[in-house]
Structure formats: structure tokens, C-alpha cells
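Please find one structure pasted underneath; my questions will follow.
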């Protein structure tokens with residue numbers, strides 16, 4: 001093996017493939033061929049081997065593993081299934097009333113979470129930004145970030161404590177003369193509980209990116225707006241919001257991408273058979289079908305369907321954002 | 001800046017709103033501590049909110065005397081250390097490679113990682129994979145499938161890209177190869193970044209429960225999150241729906257104590273690590 005890092009005579013470029021210090025296009029007419037690239041940078045490529053192995057085995061292999069959605073799978077048998085069955089499992093779930101129920105629940109919980117948890121961090125960031133005392137600002141921020149660091153198990157446990165028959169919420173209900181409500185056993189409360197716990201945990205942390213974007217807004221713009229006679233509200237509307245618009249759109253696209261995967265773990269912890277009518281979502285349903293009932297192919301078909309919708313949503317949101325406002329992820 | 005009356009009203013409203021935010025955020029913590037120190041009779045009567053009633057440390061002694069709780073706590077530490085070590089190694093290597101702008105095939109290497117943010121194989125194929133690889137009931141079932149978080153990878157890539165290249169170039173002229181440049185020049189200059197990444201991963205693994213829940217079937221292998229999950233599952237699971245309320249209530253202060261003991265390490269380190277998290281996320285946002 002040639003000593004890596006020896007200089008290539010024709011190009012007197014100093015090592016590790018940095019472009020020449022003076023960018024002179026005519027000096028580099030030909031593109032690096034793969035052979036030369038490998039010879040020069042083999043050590044760099046070697047560092048990528050293990051990570052690529054990780055992506056191949058634990059990210060791309062499962063994508064291929066989705067073929068069991070179209071093949072008969074037997075636990076303990078071939079991980080890629082025994083024989084082709086065509087669209088049998090797809091037809092099965094399309095004709096399964098429970099599937100449509102969990103599909104609707106997923107959409108509703110997704111929309112509710114988006115409507116509540118997307119705008120709140122923006123509002124909160126604007127409020128933080130109006131605090132004049134730096135120490136106070138830092139304190140309020142630190143407190144609001146805290147729930148983000150908790151395990152979803154702890155959040156679920158706290159939700160259960162607060163909503164139990166003897167918990168704080170029912171103490172308030174009782175104080176107003178009502179009868180205690182077993183919130184976690186009643187389907188009509190599940191969506192409220194889920195979305196509020198989600199807001200409690202994510203809104204504070206969600207402000208960080210907006211606060212970062214706020215600091216990048218040119219203060220001259222505010223000055224100009226003031227000279228033009230704009231009050232506080234108009235300044236917020238015409239300077240601040242446009243200033244954080246790229247951040248808003250990026251986060252909106254990302255949120256839409258995870259829309260179908262609504263907090264699977266949290267729902268799994270919070271729901272129970274009594275709240276399935278509103279709480280059961282696609283991911284929890286396929287978890288029960290696959291892992292608990294061993295209908296792996298059926299569950300994989302549903303999972304594939306969910307993943308395809310998720311990807312479509314991201315691509316669509318990205319396209320719309322690029323067309324409409326000129327901001328996109330890529 | 002002139003201060004109008006409307007603005008002063010706004011400031012007052014803002015102060016009230018933010019105070020409420022602080023109270024709503026902190027209340028559940030205070031409540032759970034109060035419950036953990038109360039006698040179960042008071043909890044059952046719905047009399048515990050901010051202040052413990054029937055103050056006692058008996059429940060703490062009870063939970064702390066449980067061998068399984070400590071065994072699971074040790075598991076959490078062990079899983080977190082192993083999984084974080086694997087994750088930080090793979091992420092650093094790949095991020096360094098991706099940060100080399102002139103590398104042939106770099107955009108393909110980036111694409112391979114980024115695509116997985118938007119499309120994943122899903123739960124079932126992953127479950128079959130981990131099971132077929134024989135990783136069940138081992139730390140690898142937790143560490144390997146989550147070894148690289150693409151978000152962290154992009155943050156770290158952005159950091160490496162922002163480093164001045166002169167030192168590396170000088171080292172190369174001195175005859176150091178890529179491995180030595182990374183080990184002796186780049187990593188020592190990236191201590192703060194690596195510390196941030198370690199925190200990102202460690203908190204995520206410390207808090208995780210689902211991989212263990214899915215792939216471990218012996219209770220002495222559980223992390224403490226699964227211990228807590230099994231404790232609270234009794235309160236919401238199918239079995240308890242018609243079950244005697246008394247059982248459910250008795251668990252209330254034990255639940256509270258377990259929550260407190262699980263959350264304490266996070267609360268203790270939180271004030272010190274919070275700013276690293278914030279700066280890490282910002283770096284990812286600005287560059288990514």
C-alpha cells in the first residue's frame with residue numbers, strides 16, 4: 001500500500017484532498033476518479049465502514065424485511081417469509097374495521113397534536129423574548145425545558161398520578177362539587193390527556209430553535225419599522241414573524257413527517273382496552289397484532305402502509321413549502 | 001424606547017402567563033414528591049397536593065429494600081454506558097468522514113443517513129431482525145439498533161465542518177495519517193462537542209424503555225424504566241379495570257417513590273448539562 005498522504009506530483013495540493021488554496025478552476029479540469037479517490041482517502045473510507053454496516057443492517061435491511069407484508073411469514077422460519085401471497089394482507093387490513101378505526105384515531109391525534117404543539121412554542125418564544133430581565137428569562141427557559149429530559153415512562157406515570165381518582169385534577173373536580181372522574185378509563189378523555197401531556201413535555205423545548213432564529217433578526221429592521229410608525233404589534237407581525245418564518249416552515253415539514261407516527265410509546269403507556277376506541281392508533285395496533293399476536297405479515301403490511309404515507313407527507317409538505325414560500329428541507 | 005401603556009399591560013399579562021407556565025411545569029414534580037412522602041391513607045382520600053400529609057420515609061425504605069429495583073437500576077447504568085460508547089464511536093467516525101467536503105461519494109454517504117430520517121423499516125421487520133440475530137436479552141438489542149441518531153450525526157458533521165482546516169493540513173504535511181489526525185488533532189479540539197454528544201445519547205438511553213420492553217423477557221435484565229412501567233401498567237392495564245381499588249391505591253405512594261428515585265439523577269445533572277443541550281441543538285439548527 002502506498003503511503004497515504006503522499007503528494008500527487010501533478011497537483012501540488014497539500015494533502016487530505018483539500019481544494020487548492022487559490023481557487024483556480026482551470027487547474028483542476030478532471031474529476032477525481034474512484035480509483036484515485038480510494039487510493040488517496042482509503043483511511044477516511046475505512047472509518048465509514050462500521051457506520052455503513054450499521055445503516056445497512058439496522059436501517060436498510062428492515063426496509064427489505066417489509067417484503068413479509070407480501071409473503072407468508074412464520075415465526076422461527078425464514079425472516080423474509082416462506083412464499084408470496086400477493087396483496088392478501090393488504091386486502092385484509094383494508095377490510096378490517098378495526099384498522100379504519102385506528103387509522104381515524106391516528107389522523108385525529110396527529111392533527112390535534114400538530115394544531116396544539118406546533119404554534120405554542122412560537123407563542124412562548126415570543127413571550128420569552130419580551131422578558132427584559134435576563135436572569136428571569138434564563139430561569140423561565142430552564143424550567144420550561146425540563147420536561148423534555150424526562151423518560152416518557154416518567155411522564156406517563158406522572159399523568160396517571162395527576163389523573164387518578166385521588167389525584168390533583170379530581171381534587172379540583174371535587175372542590176367544584178363534581179364527582180371524581182376516572183379519566184384514564186374513559187375514551188372521551190384520552191385525546192385531551194394525550195395532547196396536553198404532549199404539550200407539557202414538548203412546548204418549552206420547542207422554543208429553542210425559535211429563540212435562536214429571533215436573535216438572528218437584524219435590529220435595523222425594527223428601527224426602520226419604528227421610524228415608519230409601527231407599534232409593538234406591527235413590529236412583531238411585520239418583522240419578527242417573517243424573520244422566523246424559515247424555522248417555522250422547516251419545523252412544520254418535520255412535524256408533518258412524523259405525523260403518522262404519533263407518540264407511539266406514550267400511547268402504549270397511557271391507553272388500555274377501555275380507551276382503545278379513541279386511543280388505539282396504527283402503531284399500537286400493529287404492535288399488538290405483530291408482537292403480541294404473532295400476525296407478523298399482517299402487522300408488517302400495516303406498518304409499510306404507515307411508512308409510505310409518512311414519506312409521502314414529508315415529500316408533499318416539502319414540495320408545497322418550496323413552491324409556496326421558497327423554503328424547503330432540501 | 002418609549003413605553004406605551006399598552007406595552008406595560010402586555011408586560012403584566014406576559015408575567016402572569018409565564019408564571020403560569022412555570023407553575024404548570026413544576027407542579028407535577030412537587031405533587032409526586034408530596035405523594036411519595038405521604039401516608040397512603042391521605043393519598044387515597046385525595047388530600048395530597050403540594051404538601052405531604054402524614055409525612056413518612058417508610059415507602060422510600062420499602063422501595064429501596066427491593067433488590068430488583070437496584071438490579072434494574074444497575075442495568076440502566078450498564079446499558080447507558082455501553083450503548084453510549086458504541087453510539088459515540090460510530091457517530092464520530094461517520095460525522096468526520098461526512099465533514100470532508102472533497103471526499104468522493106460524500107453526498108451519497110450523507111444521503112444514506114438522511115433518507116432513514118424519513119423512511120424506516122418499521123417495528124415489525126426490526127423486531128424480526130433483532131430476534132433473528134439472536135440479540136434478545138442482551139445489551140446489544142438496545143445498543144446496536146440505535147447506534148446512530150441521524151440528528152446527532154448532522155450536528156456533529158456541522159461541527160467538524162466548522163473547524164479550521166489549517167491544523168489538519170499542517171499535521172498531514174508532517175506525515176500524520178488520517179487516523180492519527182483524527183485521534184491527536186481533531187478529537188482533542190472537539191472535547192466540548194463530544195461531551196455534548198455523550199450527553200445527548202446518554203440521556204436518550206437512560207430514558208429509553210421500549211427496546212428493553214420489547215427484547216428482554218427476564219425481569220432481572222430490565223432497566224429501571226421498565227420496572228416503573230410494569231408498576232404503573234397495573235394501574236391502567238386490562239387486569240385492573242375491575243380489580244379492587246384498594247390494590248391500585250396501595251401502589252400509589254410506591255409509584256410516587258419509584259418515580260422520584262428514577263427522576264432524581266436527571267434532575268441532579270440537569271442544571272449542569274442543560275446549556276450543552278441548548279448549544280448542541282442550536283448548532284444543529286444553524287448548520288443543518
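Quick reminder: no glycine exception, Cβ is built from N, Cα and C everywhere.
In TrEMBL, annotation is done automatically, which means it is predicted and not curated.
The structure displayed is predicted, hence computed values, not measured ones.
The transmembrane segment annotation in TrEMBL covers B:12-30, B:77-97, B:109-128, B:140-160, B:181-206, B:226-244, B:256-273. Taken from TrEMBL, the feature domain 'ABC transmembrane type-1' applies to B:73-269.
For the listed features, I'd like the structural context: burial, neighbours, distances.
Same-chain residues lying 6 or more positions outside the transmembrane segment (B:12-30) and placing a CB less than 8 Å from one of its CB atoms are 50, 263, 267.
For the transmembrane segment (B:77-97), the residues of the chain that approach it from at least six positions outside its boundaries are 103, 106, 109, 113, 139, 142-144, 146-149, 152-153, 156-157, 159-160, 182, 186-187, 194, 197-198, 201-202, 205-206, 212, 223, judged by C-beta separation under 8 angstroms.
Outside the transmembrane segment (B:256-273), and at least 6 residues removed from its termini, the chain residues within Cβ reach (under 8 Å) are 29, 32-33, 35-36, 59-60, 62-64, 69, 199, 203, 206-207, 224-225, 227-228, 231.
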Residues of the same chain, at least six outside the transmembrane segment (B:140-160), with any C-beta under 8 angstroms of its C-beta?
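Sequence-distant neighbours of the transmembrane segment (B:140-160): 79, 82-83, 86-87, 90-92, 94-96, 98-99, 110, 113-114, 116-117, 126, 129-130, 186, 190, 193, 197, 200-201, 204-205, 208, 211-212, 214-216, 280-281, 283-284, 286-288.
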At a C-beta cut-off of under 8 Å, are there same-chain residues at least 6 beyond the transmembrane segment (B:181-206) that contact it? List them, or none.
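Beyond its ends, the transmembrane segment (B:181-206) has Cβ neighbours at 76, 79-80, 83-84, 87-88, 91-92, 96, 142, 146, 149, 152, 155-156, 159-160, 163, 167-168, 171-172, 265-266, 273, 276-277, 279-280.
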